[in-house]
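Encoded as structure tokens, the structure appears first; notes follow it.
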């Protein structure tokens, strides 16, 4: 796929949209940016990142009338709207960042493990990524978890990966046609996003697009929608809590089995709960499909506590717990981290915002955060977006200062959470370096 001199409109200016602008401009496209609502400070912020970028706002129809060849959609924008359907009828092409990545990995030959489902996909993606890393593969974990895929690709500067582990939402799959995963799963289907789809079957059909190509299908035998996704002539691995399948739970003994072969006791799996038994079965099946050895996979399952720098407890001092989520580089990841923690929180936010809107954090922080500490170049924007939501916000010149001030205010039972919702490159070499500084500041208390 060539973009040289193509006129492309990128719609939606969150993290995914920003990554598409960066990738497409690097590859010679004439790119413009669109968002239905654009504040002047947002235009200024993004304009500093991309010299000469043209912005459109208001009606998408008006923006599309300027002779664009391609519309690159962020996942939050449905292509099922009249303006976009008319654009396609008139010969325009619509795609998203996953389709752009598919073109890259198809040409380069990277293996891909793709994961979707109504529930459990983040856990399975994290576990699969962890297992691949522990087995020595050069692994990229991206998509609906962590960094947008093109941001991850740009950071790698074109270097081939052993495997991409992608969490994909139905929104991301809508305009993805060329992805051919080495192995893929739909974990389950339940009612979700029905404000965007005609009905549950329409939603399931969108999820099933993950199975294009001839890769291994990993399917939930207990879910009627998933059973219907089996494709003729394809290798299929079934997992089940109810039946004897390729991977199944022997309830009498509490052990996971592969056919007649004993695999692992559920009590040896750090992830608690019956639903996580299905997640482990799916993860092992996916990893075996890219050639990883079963014995090693099962040993590493026993040590899985979550990805490094992703909601990871690093220590405790005088009853105050410190949690590192430096890999939380976008608003969605930070909101999820906050939602998963029950104790009162002091949250450290900030860095390079990548043009994101931080207002969704207002609801996430409400009733849970006792204070917010702001660092980095986009701290002023975060303060503006959170203004008026009854939060005590403190500006800090360094991450070390934020850690010290958070600890000074915290009481036993509180949590100090680093989950910046931002990229790190304004102050650090990367999210891992940011994590190192956070850990160092904790140890220095």
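Cβ coordinates are placed from backbone N, Cα and C, and glycine is handled just like the others.
According to Swiss-Prot:
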- 117, 118, 119, 120, 121, 122, 123: ATP binding site (BINDING)
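Of the listed binding-site residues, namely 118, 119, 122, 123, the sparsest Cβ surroundings within 10 Å are found at 119. Apart from 117, 118, 119, 120, 121, 122, 123, the residues listed for ATP, the same chain places the Cβ atoms of 115, 124, 187, 188, 279 within 8 Å of the centroid of those Cβ atoms. When other Cβ atoms within 10 Å of the Cβ of residue 117 (ATP binding site) are tallied across all protein chains shown, the result is 27. The candidate set comprises the binding-site residues 120, 121. Of these, 121 has the most other Cβ atoms within 10 Å.
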